[in-house]
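Undergrad: Just passing along the structure, written as structure tokens.
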């Protein structure tokens, strides 16, 4: 079976990851001891994508949990599903990374990385046909960003032909955790551009807005935010875990979404999102889901798709519905909003349908879009980065761990190049493209 190996790193990654496993266990009928207590054969049909079957009918998550301090892991272990993970798969240090990317990537993290890789290898050897890795981490701190990207590049070396999917929480514009977030995030993006295949971009502020405006929660907690993320993660992978009429896997997803290798940062959305009180006043229909899914307010990162154009997009529907209706609705969106899609990639929206809806809903949909407007986010981080870097503020924390200023300059220009690439394709039209080709041919001839 096509297994996926899940890795979570740092405080944020471990908290998102824990929530993800709660959702997945619930969907597959696995209780908190790892025993199956479900009611449908479909739950077990492809359970080995995410679980290993151990002796005595226990299902153990294919998960590796890492952190540079023990705190988050201890609370995870004592949480509702803490006993389900393999104890050897918890890998942690004692020192912490102190929100310093260099500590995570070069010093503290580098000391721990080999023991993490040993666990990853052990888990990979347990798979029949490993499809790829999914990594949960944040880019603002030290461990998830520094050590997370270190692990991603090491895995890249060892498993070059496997897919690498990340769920990356970007620093948000207004809600800041640490003052050095722009440094950590820029250094991480520099790595993710080169070493990851697909990045699902999340950000706390957008998630706060969804909780506040749409779900009408007065004081959203990180638990609420993580619940939104886990719903999306479950939606992205449901085609791999349940039978469906139009299935996709990590590689199909990449082939359909990534027109140029560096542009692999996606916006994600989820529908239906309604406040608890107004749930019963809305019908769940394919048109409803489609409309809400494409809504800018539903995007889980602080970039507005209306400020750019979609290169590609993919929609995953769950529940009993007609594929014909799904196709009609998706076509409808494209026809009505054709100016928001680049015209030089025809049929750039793909949909897939999985028969099993999430717990408590009759149908749902998950949206993944490759939009040029995501450059707004990189631009924002880059401006904050430049403001501090120009004055060399806080730099001694990084150079003290052996980093070179040159590395900062490279990361900065790589991020700016990425923004420029998005802008270039946002402005490109079908006619221009043909001219480019002629020029290139002439050069070759010359």
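Each residue's number is its place along the chain shown, starting with 1.
A Cβ is built for glycine as well, from the same backbone N, Cα and C atoms used for every other residue.
Annotations for this protein, taken from Swiss-Prot, read as follows:
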- 11, 69, 138, 142, 143, 144, 204, 226: GTP binding site (BINDING)
- 69: Mg(2+) binding site (BINDING)
- 429-446: compositional bias 'Acidic residues' (COMPBIAS)
- 423-446: region 'Disordered' (REGION)
Undergrad: In Å, how large is the greatest distance between any two Cα atoms among 11, 69, 138, 142, 143, 144, 204, 226, the listed binders of GTP?
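TA: Value for the max Cα separation, rounded to a whole number: 23 Å.
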Undergrad: In three-state terms from DSSP, label residue 144 (GTP binding site) for me.
TA: helix
Undergrad: I'd like the number of other C-beta atoms within 10 A of the C-beta of residue 144 (GTP binding site), please.
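TA: 32, counting other Cβ atoms within 10 Å of residue 144 (GTP binding site).
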Undergrad: Relative to the Cβ of residue 69 (GTP binding site), which residues of the same chain, six or more apart in sequence, are found under 8 Å away?
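TA: Correct list: 92, 93, 94, 95, 96, 97, 143.
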Undergrad: Within a 10 Å radius around the Cβ, which one of these binding-site residues has the most neighbouring Cβ atoms: 11, 138, 204?
TA: 138
Undergrad: Output the one of 143, 226 that, of all these binding-site residues, has the highest number of other Cβ atoms within 10 Å of its Cβ.
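TA: Of 143, 226, the one with the most crowded Cβ is 143.
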Undergrad: Taking the Cβ of residue 142 (GTP binding site) as centre, how many other Cβ atoms lie within 10 Å?
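TA: Around residue 142 (GTP binding site), other Cβ atoms within 10 Å: 29.
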